[in-house]
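Colleague: As annotated in TrEMBL:
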TRANSMEM  7-27  transmembrane segment
TRANSMEM  47-68  transmembrane segment
TRANSMEM  80-104  transmembrane segment
TRANSMEM  190-209  transmembrane segment
TRANSMEM  230-251  transmembrane segment
TRANSMEM  263-289  transmembrane segment
TRANSMEM  342-363  transmembrane segment
Amino acid sequence: MGIIKKDLLLVLTIESVVLGIVLGFIIRPFNPSNDTISLIGFPGEMFMQIVEMMILPMIVSSVISALAQIRPRDAGRIGMVTVVYYMTTTFLATFTGIILVSSINPGDPALVHSLGEGTLDDTPLSTLDNFLDQIRNMFPENIIQATFQQVQTSYIPAKPRVHRISNGSVVYNATENVPMKRILVYENEVNVLGLIVFCTGFGVILSVLGDQAKLMINFFIVLDAIIMRWISALMWCYPIGILSLVCKNIVDIDNLSETAQALAMYVVTVICGLMIHSLLTLPLLYFCVTRHSPFNFMTGMLQALATAFGTASSGATLPVTFRSLEENLKIDRRVTRFVLPLGATITMDGTALYEAVAVIFIAQLHNVQLSIWDLFTISITTTVASIGSGSVPAGLDTIVIVLTTVGLPAKDLSLLLTVDWLLDRIRTCVNVLGDGLGAGIIYHMTRERLIEADNDELIRQIRTDIKMLNTELPTVVQPSCTLQIPETVSEPSLQKFRKGSAMEIAEKQSLLSVGNKEFTV
């Protein structure tokens, strides 16, 4: 029955994506009003809010409970391998995008006339600002504030300098060009990176303390079990939310056919790059390390990939990814609960590839010839900018940073928004697939150490406690009580002893020494 239910949820998730696309194109010709579009997307909006509500407690409980069950030296090895894998795959994705867009050359300058001018304002953000912001967010000054805000560099006009100039007969004021001043502001967005760093240190220290911290370790294990039970129940709402989100996005697109024709080669280039990375680069890397079939592994992640396409959020897909890897592919939860939240935050293979293609496409639109050094700068900048770009649907900030770095107009990026709803979903699937295959590779490389750690007495006892969480609680009954009393108790005392409820009798029993005489109340 469990297998049937699991397959049913997979079928419903895939059907919701297909049905959402079909309904969207059926409704579009009727030109629905804004109110109608809002009603279509309302179930999806509520679905995303519920899922995002669960992301914070899920990350905290899963990371701490996972690392608390790993020996500190093993946690360091897993962390190092994880970071190296994610940086490598992100750079490979960027390199693939650069090679492909340079070969296909989809940015015909003639398209500028059909696409028009962009409307996005240029911003003075730089790669350095983005990099320093990520470092600042890794170590938040207030861990409570990190649960709802993160720091970000912004620019405001500085106070202009006014000079009095005299030419002998006329005195007038002159103002210099207004400079921009760099300031730090707090944006209303969960600082996932800072929380993961804090929870990583917290979990490792719990592991170091050992027996002294067993109570706290069990607390987070139980909290993790509670969150996952809750999410397991919510998973049956995923198909409804995904259908609503996909349908609403398709209905809400303006000038779909005209823009699709103008940007067809751009879309084909991005999709081809994502397919090469997800069906060739990542599977080949997985096979070289594990010597196992990557496509069998990818089959076990079908539900997670369908959810990623529907939600366009690797964070919202995280519960489904946990379930796919732990139940379908039998990956150790100590690996998945640390690797996947970190991957959903810092690794964005699909996003990095998309950004590289978008930047070079805009350069081709303006007939700008990029040098080898410019391409190298784009590859490094895109890799760095995509790290920590968020586990929610991707924005434009990181691409603006890359465009500014190579001196391209950021305003033209708004021309690509019409097709971004589709590309965002596909690159999210690639992000989730990269996280899953990474967890499989890391588990293969650390499996022997994890098995060795299972012999540790504390970890073995904790794993026994986890198994107890999956058992049914016994039914509480109150049968007739058989009590033992000392033989010295007199018969009148027995009559008084028999009076009262079962709870009172049990309390009286605890006050009597164990004797040889038994009676039934």
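The backbone N, Cα and C atoms fix where each Cβ goes, and this holds for glycine too.
Automatic, uncurated: that is what TrEMBL annotation is.
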Colleague: Pairs 6 or more apart in sequence, C-beta under 8 angstroms, 3 or more of them: is that satisfied by the transmembrane segment (263-289) and the transmembrane segment (80-104)?
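Modeller: These two stretches do touch.
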Colleague: With CB pairs under 8 Å as the measure, which of the listed stretches 190-209, 230-251, 342-363 comes out on top against the transmembrane segment (7-27)?
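Modeller: By Cβ pairs under 8 Å, 230-251 leads among 190-209, 230-251, 342-363.
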Colleague: Can you say which of 47-68, 230-251, 342-363 has the most Cβ pairs under 8 Å with the transmembrane segment (80-104)?
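Modeller: Stretch with maximum Cβ contacts: 342-363.
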Colleague: Would you mind listing the long-range same-chain contacts of the transmembrane segment (47-68), meaning Cβ under 8 Å and 6+ residues beyond its ends?
Modeller: 75, 147, 190, 192, 195-196, 199-200, 202-204, 206-207, 213, 217, 220-221, 223-224, 227-228, 230-231, 234, 237-238, 240-242, 244-245, 311, 313, 315-316, 318-319, 322, 333-338, 341, 391-392, 462
